[in-house]
């Protein structure tokens with residue numbers, strides 16, 4: 001009686017006072033303790049019972065097996081099982097078989113549960129349900145559903161508990177159709193009103209993606225069960241319907257259902273994903289009022305995650321510091337948040353603090369630390385971290401860490417180390433191959449990435465979406481358009497671009513970066529879903545190719561289609577404004593950015609605004625905005641310093657450089673070189689020496705290879721070629737980027753012989769040239785007339801299938817034309833897959849240079865037949881050819897065509913050709929008249945043309961008039 005009334009202590013007192021205790025008495029007290037959650041005491045009583053010589057019966061064994069199940073005490077459970085077998089009870093008492101199956105399943109010995117199950121002479125609903133539930137609890141959904149079918153075929157009828165377990169199995173397998181079949185069976189059996197079952201159905205439908213049915217079922221049954229509402233809200237959030245989740249929350253409150261910590265955690269997650277700060281803060285206030293932050297660690301975790309997703313890092317850290325209970329999830333949330341916002345040092349510091357609190361990292365923590373090290377390019381930290389992972393045995397346990405380590409080493413400029421690590425991975429799955437390919441692609445090693453793709457396929461592994469995205473990026477960075485087109489064909493065959501938005505966006509990016517903007521437009525127009533990433537990728541393509549006007553037009557179209565620009569879109573828009581000098585549009589962007597509160601969220605936007613105003617010559621506005629920014633980094637300081645130096649305000653540039661350091665911001669390689677440029681402007685030798693000394697003190701060459709390469713690049717671009725070579729020679733290792741930086745410097749300062757000498761050194765050092773290297777060397781060959789070297793380069797380009805890359809074909813045509821080998825140039829043009837105005841103009845210029853006038857006109861006509869629109873430069877070549885050949889009538893025709901048909905406003909160079917032609921043909925009055933009516937400033941070149949003609953004609957009187 002006492003036990004049935006939940007008075008276990010009173011029952012024990014009566015039991016202890018009993019003089020005689022039989023098996024029924026012992027079993028009653030043991031069962032009472034089991035039912036009330038004190039399994040340990042139940043086992044102690046069982047031992048005393050045996051010691052007293054009382055023989056247990058079937059019910060006693062059932063109670064003890066339940067106790068073993070609760071404690072997961074397998075040793076005792078097996079001992080009881082053996083005793084049951086010895087007594088031959090298993091075959092005669094189904095209830096013992098049921099509880100044994102259930103105990104083994106709960107104790108994670110499914111093979112033992114199945115062994116007992118198969119030996120049972122008869123199996124009822126409880127037996128089947130115990131086995132099915134065991135499979136479900138161990139994530140074996142398919143096996144559980146197979147058991148369910150077997151159960152029905154044997155004639156056993158499922159009950160509510162069976163159906164609940166089967167619905168959970170549907171969730172595990174994602175089988176929405178099976179969930180609907182089970183629902184139909186529940187309806188047929190007339191048990192659809194059971195609250196327990198209805199909640200399980202709502203949960204299953206929400207988790208397999210049939211959220212509308214889940215919501216409909218909830219409305220139909222009017223369930224007031226909080227678990228069902230939580231399942232529905234969680235389902236909406238899981239499938240990205242965060243707004244609907246918030247509406248559902250309001251609906252739940254409307255029917256007077258009180259939210260619990262699970263509900264609040266879900267709603268905070270939705271608010272984070274929507275960046276809905278107002279509702280999130282309301283929830284924060286409510287959970288504080290209810291004391292849930294202290295009592296449930298999941299609420300603290302959700303709050304940290306919410307504030308991080310809303311870019312409120314200070315508030316996230318404030319909440320984090322106030323939490324009395326911080327578990328691994330709490331730490332991982334704040335570390336992931338810092339990582340997402342580019343605060344890599346803070347992320348690593350948090351990991352150190354976590355260890356001091358005695359919390360060991362898991363695979364996710366290590367993954368975050370690896371990513372942070374890679375982004376910081378801290379090679380010493382990288383080696384130390386790798387060593388620690390090996391010692392702890394994590395690398396063998398989690399293959400994904402191997403892939404992340406490969407990416408980390410590639411980001412640190414250690415491609416060879418990444419390759420060695422890859423070779424040591426015991427099982428090279430698709431994820432590890434993808435890490436290597438993606439890492440190479442993202443760090444500019446496009447050829448290596450495509451080489452690994454080929455090797456991977458030769459091993460019998462088929463690319464997935466990640467592989468294709470990485471490979472397309474590789475094609476983008478080296479301009480391997482032919483390979484890109486082959487990948488596109490394969491993607492279309494597999495119908496991946498329609499199913500995967502990321503692949504569609506990668507295709508747009510690849511074509512845009514390779515200069516094939518019309519192909520990019522075709523892919524973009526065919527995308528089934530154009531999200532903000534698709535639009536921004538497309539816009540960026542036009543920005544990168546200097547078409548700011550088209551980029552701004554696309555942003556307008558994007559907004560018309562209801563797609564809200566992201567931070568990245570605004571950055572592209574501001575770059576477009578800078579290209580065009582379009583201050584009013586830039587100010588519109590600025591206003592929108594401020595209205596949406598984006599300046600506080602991302603420092604890159606502030607930097608882009610500063611750069612835009614500075615680029616448009618509005619230095620005072622740029623500096624005022626700079627001062628108003630909530631934070632400054634090295635990029636924002638450098639943007640301002642570089643523009644002051646560029647516009648000749650060198651003293652102000654150096655003042656900003658000093659101020660930047662006094663505010664605790666360390667200059668990078670670009671800042672130093674911009675400051676050196678300012679020193680040159682002031683002719684301040686002492687300041688320049690100071691800066692050189694500071695650069696060496698900060699040990700750029702040891703800290704970061706990329707920083708050293710940037711220093712080489714900036715020195716070279718500013719004409720400090722000796723210093724560039726000096727820094728280059730001090731580098732611990734040379735790669736394609738550093739060689740290109742040096743070669744580019746020599747190229748820009750017309751030192752072609754040094755360019756080719758560097759190319760030879762680079763190849764002897766085993767460094768593979770990329771597209772940029774080839775273009776620079778071809779330009780040098782053209783300027784030097786080194787056609788032999790040009791032919792060698794051409795052969796290597798063909799071997800690497802790089803001819804289709806943007807600029808390569810055109811640069812080859814230009815090289816051959818400059819070297820006077822017009823037949824080769826013409827053959828090349830005829831065989832190029834893509835010919836633009838630059839291709840044809842290079843050929844025309846070559847023919848003009850050797851005096852093959854008719855071939856110039858023929859090339860122009862062929863260009864028009866190719867439907868290529870001529871540009872101002874191509875008309876300069878044509879008009880100059882007419883001038884030198886004395887073809888006045890033809891010149892007038894081309895001039896009119898340029899202005900009236902193609903809408904090109906004549907520039908100084910076009911008028912110069914006409915004036916020169918009139919002067920040469922003796923039409924001096926017309927030449928002078930043309931000069932007087934020009935809409936461009938009169939240049940001494942015009943007057944020299946007339947004076948030269950006067951001298952040749954002996955017309956000194958007109959010469960005086962011209963002056």
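Glycine too: its Cβ is placed from the backbone N, Cα and C atoms.
Feature annotation from TrEMBL assigns repeat 'PPR' to 22-56 (among others).
Sequence-remote contacts of a segment are chain residues at least 6 beyond its ends whose Cβ falls under 8 Å from one of its Cβ atoms, and for the repeat 'PPR' (124-158) they are 94, 97-99, 101-102, 104-106, 108, 110, 113-114, 117, 165-166, 168-173, 175, 178, 185. Positions annotated as repeat 'PPR' by TrEMBL: 124-158 (among others).
According to TrEMBL, the feature repeat 'PPR' maps to 225-259 (among others). If you average pLDDT over the repeat 'PPR' (225-259) in this model, you get 87.
Under the heading repeat 'PPR', TrEMBL lists 327-361 (among others).
Residues of the same chain lying 6 or more positions beyond the ends of the repeat 'PPR' (429-463) and with a Cβ under 8 Å from any Cβ of it are 399-400, 402-404, 406-407, 409-411, 413, 415, 418-419, 422, 469-471, 473-478, 480, 483, 736-737, 768, 770, 800. Among the features that TrEMBL reports, repeat 'PPR' is placed at 429-463 (among others).
Annotation source TrEMBL lists repeat 'PPR' at 531-565 (among others). Mapped onto DSSP classes, the repeat 'PPR' (531-565) shows 26 helix, 0 strand, 9 coil.
Marked as repeat 'PPR' by TrEMBL: 633-667 (among others).
Sequence annotations record features per position, and here TrEMBL assigns repeat 'PPR' to 735-769 (among others). Sequence-distant neighbours of the repeat 'PPR' (735-769) (same chain, 6+ residues past either end, Cβ-Cβ under 8 Å): 413, 415, 444-445, 447, 705-706, 708-710, 712-713, 715-717, 719, 721, 724-725, 728, 776-777, 779-781, 783-784, 786, 789, 796.
Remark: secondary structure over the repeat 'PPR' (836-870) totals 26 helix, 0 strand, 9 coil, with classes taken from DSSP. The repeat 'PPR' feature in TrEMBL is assigned to 836-870 (among others).
Counting same-chain residues at least six beyond the ends of the repeat 'PPR' (836-870), those with a Cβ under 8 angstroms from any Cβ of the stretch are 809-810, 813-814, 816-818, 820, 822, 825-826, 829, 877-878, 880-881, 884-885, 887, 890, 898, 902, 904.
In terms of DSSP helix, strand and coil, the repeat 'PPR' (22-56) has 26 helix, 0 strand, 9 coil.
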